[in-house]
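Presented below is the structure to which this report refers.
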Amino acid sequence: MNLTLSHLIALLPLLIVCATVIVVMLGIAWRRHHVATATLTTIGLNAALFSLLAVLTVTPIRVSPLLLIDNYAVLYMALILIAGLASTTLAHAYLEGFNDQKEEFYMLLGCSVLGGLTMVASDHLLSLFFGLELLSVPLYGMAAYAFRTRLSLESGIKYMVLSAAASAFLLFGMALLYAESGSLAFADLGARLTEGGGHASWLLMGIGMMVIAMAFKLSLVPFHLWTADVYEGAPAPVTAFLATVSKIAVFALLMRLFMSAPVTDMASLHTTVAFIAFLSMVVGNLMALRQDNIKRLMGYSSIGHMGYLLTVVVASDDMALLTTGIYLITYVATTLATFGVIALVSSPWQGSDVASLKFYRGLFWRRPYLAAVMTVMMLSLAGIPMTAGFIGKFYVLATGVEAQLWWLVAGVILGSAISLYYYLRVMVMLYLHPTEEEEYDASSDWGQRAGGIMVILLALAVLILGVYPQPMIMLVSGATLG
Amino acid sequence: MMLPWLLLIPFIGGLLCWQFELIRPNTAMPRWIALLSMVALLVMALVMWVSGDYSLSQVVGNTPEWQSEFRLPWIDAFGITFHLALDGLSLIMITLTGILGIMAVVCSWKEINRRVGFFHLNLMWVIGGVVGVFLAIDLFLFFFFWEMMLVPMYFLIALWGHESEGRSPVSAAIKFFIYTQASGLLMLVSILGLVFMHYTQTGVFSFDYGILRETPITGVMSWVLMLGFFIAFAVKLPVVPLHGWLPDAHAQAPTAGSVDLAGILLKTAAYGLLRFALPLFPETSQAFAPIAMTLGLVGIFYGGVLAFSQTDIKRLIACSSISHMGFVLIGIYSGTLLALQGVILQMVAHAFSAAGLFMISGQLYERLHTRDMRQMGGLFGRLGALPGFALVFVMASLGMPGTGNFIGEFLILFGAFDVVPWVVVIASGGLVLSAVYSLILMHRVYWGPPREKSTIARLDGREYAMLLSTLVLTIALGLYPQVVLDISQGAMHEVRHWFAVSPSFAG
Amino acid sequence: MNILFLTPLFPLLGAIVLAFNPRLPTRLAGLVGVGSVGLSALVMVWLNVAFYSGADEGVTQTLWQWVAVEDFRMGFSLYLDGLSLTMISIITGVGFLIHLFAAWYMREDLEGGPGFARFFAYMNLFVFSMLLLVLGDNLFLLYMGWEGVGLCSYLLIGYYFESEHNAWCAFKAFIVTRIGDVFLAIGMFLLFAQFGTLNIQELLRLAPEAWGKGDLMAEVAALMLLGGAVGKSAQLPLQTWLADAMAGPTPVSALIHAATMVTAGVYLIARTHVIFELAPMTLELVGLIGMVTLLIAGFAALAQTDIKRVLAYSTMSQIGYMFLALGVQAWDVAIFHLMTHAFFKALLFLTSGSVIIACHHEQNIFKMGGLRKTLKLPYACFLIGGAALSALPLISAGFYSKDEILWLAFDHGHTWLWLGALFGAFLTSVYTFRMIFIVFHGREQIHPHAGRGLAHHVPLIVLAVLSTFVGAMIHPPLENVLPAGPDGQYGHNVQLMLEVLAAIVAVVGVGIAAGLFLGRRRLVSSLTKTKEGDRLWRFFNSAFAFDWFYDKVVVRPFLFIARLHRRDWVNSLMNLWPGLAMMFNGILSDTQNGRLRWYAAVMTGGVIAVLVLLLLL
């Protein structure tokens, strides 16, 4: 197969990010300069983001059997790049006060973004595995980046060990699939699955192991135990990255896989996934109930949210595709802003992050807008109207009702009811009377900094999308597969 | 074109209040802005009251008759529009909202001294959300406002609330929020179910009330969907056994919060039942009516006994609301025009009387720094005019003729007697109970030997004017209720029509 | 007749003025309070003149449309006919005198303290409500007055709010009458459901067309109305509140708990007599209730020590007579007795008020005695009033009305009721003169200071005159309103015989009272010292222990439930959910122990579970 110009255009975002990583690496080798490195990364990611406009002119296009760059891929690429950018911005503010090598962080981040980009465009088990590893391996380093603090190092190692195990399952599953179907392309797999050949159970085992691996990445119950520890230990920008980019990429991939080979065709897989979804909604939210560490809390909350979103996989119809996009957009915006606030409050301080809830007590009376942002985020996570989170939850419920998945709908309601308790606790904490204890605070000019501006923009986006989601819906409904 | 303004005024007013505080802390400006917005809201509502014609009582065809409408496209994919409309029912509720809004602002004039701007932001947004609920006839929009108003209410209770019997206001606020939000999600599922049902039948997505109303639904599905709506409204009304949030939320909220909670937030539930639950599911609702009325009866007695056994004055008033709303539930589900009109009047009257009682308990709290009735007693001679006002509102709460509550209660009972005589006979027993718990309030707080001889600060002009105007409204409603009944007539006629003609939709 | 509305309007205005100016000087407040009722009384006089000179039939004055929803059309309409004219005459006439007296009484009682204006505000509001009750042309408006008088009664019983006891008495009075009111309300629901109107005149027209004599519906409707009547008029079984109602200032007892409000039940039954005629069984019950009540009250009055409680029980028993009269369809006589009773009972109460003030707020009759020398006017008044109460022949007003009741009960064939009533008459004269002898005769135990001033004398004298045969000469114009009742069975001779018998019984009663209570009362005191005598005395004193019974059967169970309920067990049940959630939270948190090997193990377990699920399902 010949590479034409349109193929090159289609690969532009990947190429640009690749180039950025190399340039950053070389730059560090030449001279260490934090601001320059961060700027370079930002420019590279931005360029990749803008190149998506060009990509749109050639979609859908298949670049080699491995990658299929369609509107669906472009949407999630954009999302990953934005999340990557946001993490970069936060990292910059965060690393300012970091008394160790700062610059390698951006390289790792770039690599991970590259892995994410590959994943959302992959249409082949090979590119899937390649993308997933490229996404994950740099993350081990990033999680352990502040390796002098025990928690950070611990979180990196935990993540690495468990993630490696998950990857092993993924490989095993892929091998089984290959053994049964003789192909690694999604489309062939789907066809073979629907045929339901003689050795259906091996196929089932294969796809089951793949599901397990991805469930691990999405931190779904019962593969969720790492979540809180890693979220807590990793530096705030890394957690933000982990909670967004990795989730987007894996979920987009999962969705593509299941659209090619719908689980609804296989009763047992269907039930199992539904079971996992229900458990995640309930268990995730229950675990967060009395959590006083906001980063852990976000970890548990993400378990619940991924559980809600899994409803979509169970449904696996056109509506589901739309919902995936909308939910991920809203979730990513919300999560980024939340961690953004955490990073802003944490960054001026040395040592581990300011994650204990009590430090946020009375934040509103010191930093009203920052607290307002946090409030909006908590409401959005809880799915209250006027925030984007509501639109996301609305779509999940709509999907559930449409596909008549009553148990999952009930799970969403139950999970939401439980989750209110801890979201509201965080929210009200911002407004209570400050105690006499030492106060952690964002620097007074946070609003003028890049991180601050980003957080405010995200908050506005969450509000606007919540009140007028029409553009987002148009956008997502344009992001079709194939 | 006035409809969007009805919505915008409180929202913008609230934002202004907050911004003013950020720019210049410790000014009275937020109070004045809030007051002005509320007055503007009330004036607009009154203009519509006077200029509109709400008496038309013929139900024509299937298109609802609105006095004025406003529509903007919103989310096309689902056929969701920003659709506001006003008829007599909504107008009454909005006027009520305006009046209680003013009261809420005025009664917190001295009570709230911390973060005045942010307080009024929340207050205004509650009101804005409520206005939205009363105006929205797109179900998505309705739900949107329904949930939205919880947030500022949550803040009002959590941040400016009082501790009560060792429980923090935050826990009360969270309880309130979870109850209403969880039940609200049930309603959302019902709405979605209805929409998809409509979609499978017609191929069109729409959340519009007028369109969905014509979706024939039968069988188990209609029960499930109807219950989704009912439970959401039942929590807010509240109906025993879903009342758990109410005593805590009322008792721990600041006065303005209690006034708004009892005065209008509870009424959104009755409004929802009248506007949505009955017309959307007429047959099922009819089949459900006996159960609903039984729940109403349970509420009357359960709430009554509960009120009697309270020692916190605000909890007593709050529990009495449970009892009063039992009558409303019976009235709604009996479905006769007389009862429905009674429901309207009961809602309006209860709003005033409960607001009056809550304002008084707020004023007592300001003076005595307790709400425990065991520490009061014998206040009659020590407080100037306050006990006199309290007396009138207590009498209103027990349904004394001459107050609007009497008309409301009795219209409900008269109207329902034709349909369900036994229910009415049992409910009448609630009249005795209401006398018992209302008078016990009087008894514990005002009668008996005074604890001290000294007099306590008397009412100042603001408080006096506030109570006096509430009193005048209560009495006026009792002596000339037609002023409300004329406005609601058309809307209630329609509800009755939809509720009554249901069998014709069975085919 | 277009000034009819002024009758209730004046007291209402008075009440409003006084309510909003609680600090009005005593003199001014008295002027407003008494004057407004006085004006109202003047209007009443004018109405009487107009009524007698004009066509003698009912007039309606609609003030405004009150409620109008479909068929439910209630006007704020006043209706004047012979019956309501009689009632408003009593209310404003006697009411004015009592107000006048109250101006004296309260000034003495409060001795310059606050609360004078408040008292008159309540009193005026009461007169307004009472007028509304009797003037309302539909039951809905009547109900407004009905509840209004209940409210004022509550407020006035609890007027001395600083006493815990008074407050409870007020509470009790309101709740007990409210129970009756509920029955009245149900009756209204029923009547409206049947006839689509609550206009009394229309109801009276429509009822006989729709119902036959003895129809179940008619019986039920009548029963419900009766339920309302017994509550307000303190008849069995809702009679327990009246004696406790004496906690209010004495003029209140005179106005509300003797002359006007408690007779509202009598008025209601007379007003809706057509419905009762259609319900013979209920009518029978009315008579029976009247008789039993008058006997119980008579016995109770014998064993009281508080002067006002004696009068309270006597009121109860006199209303029992009225009920008895209604029960035997002697409608007009019931109203006639209502009127004479208003005169003499108001007189007795006011006089007792005068005595109480004179004796420095002493109400125990056994601590008085020999007052006839110092309190000459009260003594005379008490004699006249007591004579009327015990229906001493010829000179007293009570004789004419009560004898009529006895005679008609006999004549209409209710021999048992007649016998009971006759025995009641005997009891009446015994307890009346027991009281008079104890208070005014015997050894002087207290140094009284006699009341003085016009406001004190005029009401007493006027009422005293009206309590003699002069009052009995007033004949209420009831011919066109109330039917004559069934034809009698006996002739004039029998009537004369019975009248003589009744007169003898009354006089014998006085004689026995003199024998027992004049002098040293040895017989009585030795009787009460025995164990059985003491028990009997306490049984009578508590009016057959109804209070005890209700306390055991109603009040205590309710309080028990309320105490049980304080925790709100439904809510506690709902609170289990959060508890459950927290429990799971605890369990799940334990899985989060931070150990990598445990995490890996759980993950492996999860893998196995998922794979097994996949293969099994």
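Any Cβ shown, glycine's included, is placed from N, Cα and C.
Nobody curates TrEMBL annotations by hand; they come from automatic prediction.
So that you can see what the record holds, here are the features copied from TrEMBL:
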- B:136-431: domain 'NADH:quinone oxidoreductase/Mrp antiporter transmembrane' (DOMAIN)
- B:6-23: transmembrane segment (TRANSMEM)
- B:32-50: transmembrane segment (TRANSMEM)
- B:80-106: transmembrane segment (TRANSMEM)
- B:118-137: transmembrane segment (TRANSMEM)
- B:173-200: transmembrane segment (TRANSMEM)
- B:220-240: transmembrane segment (TRANSMEM)
- B:287-309: transmembrane segment (TRANSMEM)
- B:316-333: transmembrane segment (TRANSMEM)
- B:339-358: transmembrane segment (TRANSMEM)
- B:379-399: transmembrane segment (TRANSMEM)
- B:419-443: transmembrane segment (TRANSMEM)
- B:464-483: transmembrane segment (TRANSMEM)
Could you check whether the transmembrane segment (B:80-106) and the transmembrane segment (B:339-358) come into contact, where contact means at least 3 Cβ pairs under 8 Å with the two residues of each pair 6 or more apart in sequence?
yes
Per the Cβ under 8 Å criterion, with at least 6 residues separating them from its ends, the transmembrane segment (B:419-443) contacts 290, 293-294, 296-297, 300-301, 304-305, 307-308, 313, 316-317, 319-320, 323-324, 326-327, 330, 334-336, 339, 373, 390-391, 394-395, 397-399, 409, 413
When you look at the transmembrane segment (B:220-240) alongside the transmembrane segment (B:316-333), do they share 3+ Cβ pairs under 8 Å, ignoring any pair fewer than 6 residues apart in sequence?
yes
Going along the chain, which residues at least six beyond the ends of the transmembrane segment (B:220-240) come within the CB cut-off of under 8 Å?
146, 179-180, 183-184, 186-187, 189-191, 193-194, 197, 246, 265-266, 268-270, 272-273, 276-277, 280-281, 283-285, 288, 292, 295-296, 298-299, 302-303, 322, 325-326, 328-329
Candidates B:6-23, B:173-200, B:287-309, B:339-358, B:464-483; stretch with most C-beta pairs under 8 Å toward the transmembrane segment (B:118-137):
B:6-23
For the transmembrane segment (B:379-399), could you work out the same-chain residues 6 or more beyond its ends whose Cβ comes under 8 Å from its Cβ atoms?
317, 320, 324, 349, 352-354, 356-357, 360, 363-364, 367, 405-406, 409-410, 431, 434-435, 438-439, 441-442, 445-447, 450, 452, 454-456, 458-459, 464, 467-468, 470-471, 474-475, 478
What parts of the chain pack near the transmembrane segment (B:173-200), using Cβ distances under 8 Å and only residues at least 6 beyond its ends?
78, 139-140, 143, 146-147, 150, 153-155, 157-158, 161, 206-207, 211-212, 215, 217, 221, 224-229, 231-236, 242, 244-245, 248-249, 252, 280
Sort out the residues at least 6 away from either end of the transmembrane segment (B:287-309), same chain, that have Cβ-Cβ distances under 8 Å to it, and list them.
223, 226, 230, 234, 238-240, 243, 247, 316-330, 332-335, 416, 420, 423, 426-427, 429-430, 433-434, 436-437, 440
